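**Student:** Here's the feature list from Swiss-Prot:
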DOMAIN    37-193  domain 'SIS'
BINDING   N52, G53, G54, E65, N93, D94, S119, T120, S121, S124, Q172  substrate binding site
BINDING   H61, E65, Q172, H180  Zn(2+) binding site
Amino acid sequence: MYHDLIRSELNEAADTLANFLKDDSNIDAIQRAAILLADSFKAGGKVLSCGNGGSHCDAMHFAEELTGRYRENRPGYPAIAISDVSHLSCVSNDFGYDYVFSRYVEAVGREGDVLLGISTSGNSGNIIKAIEAARAKGMKVITLTGKDGGKMAGSADIEIRVPHFGYADRIQEIHIKVIHILIQLIEKEMVKA
């Protein structure tokens, strides 16, 4: 009954991944991002991650696999997803939703830390403000974006962009794969410490 639709969806996902893989700069950006994160951890820094909706879940997934585990047991790495409900509701109410991530970065971000901002459109105002706050703190910035990078294009030290202009779920599928590869590479870098 739905075999054609299922095949179509899987083929579109495979095509999106194939297009991402064609650009060697994406592979280089993933490697540079992993090394940047591992270097921050080795120097006593941490990563703060943020996103909205499904990207918020990806930010949480990234942090939990760093503090918990990915495939193998190892020491936890300092990662915080900006996801505390009381913080989010307080700042949304008192300052506006555009400030939910930047206020947290202002409070706990330090020079040597890294911000990972995830936005499929690249146009999330609250992540743009978080990037500005991270810059003011002397933090490095990595972004996972999609389409043409939106307003976030060019704002990060390292941008990993999925150049897909269809539905956001295709971009998110590549983002989660990139997140898993980042963690795998971070683990390899950390054993070099």
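Every residue gets a Cβ built from N, Cα and C, even glycine.
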**Student:** What three-state class does DSSP give N52 (substrate binding site)?
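**Tutor:** DSSP assigns N52 (substrate binding site) to coil.
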**Student:** Relative to the Cβ of S121 (substrate binding site), which residues of the same chain, six or more apart in sequence, are found under 8 Å away?
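**Tutor:** Within the chain, S121 (substrate binding site) has Cβ neighbours under 8 Å at T145, G146, K147, G150, A168.
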**Student:** Among the binding-site residues N52, N93, S119, point out the residue whose Cβ has the most other Cβ atoms within 10 Å, with all shown protein chains included in the count.
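**Tutor:** Output for this query is S119.
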**Student:** Could you list the residues of the same chain, at least six apart in sequence, whose Cβ is under 8 A from the Cβ of E65 (Zn(2+) binding site)?
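**Tutor:** I179, H180, I183 - these are the non-local Cβ neighbours of E65 (Zn(2+) binding site), listed in sequence order.
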**Student:** Just checking a number: largest C-alpha distance across N52, G53, G54, E65, N93, D94, S119, T120, S121, S124, Q172 for the substrate site, rounded to a whole Å.
**Tutor:** 32
**Student:** Using all protein chains in view, find how many other C-beta atoms are within 10 Å of the C-beta of H61 (Zn(2+) binding site).
**Tutor:** 18
**Student:** On average, what pLDDT score does this prediction assign to the domain 'SIS' (37-193)?
**Tutor:** 97
**Student:** Sort out for me which one of G54, Q172, H180 has the most neighbouring CB atoms within 10 A, since those are the binding-site residues we care about.
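**Tutor:** Sorting the candidates by Cβ neighbours within 10 Å, the top entry is Q172.
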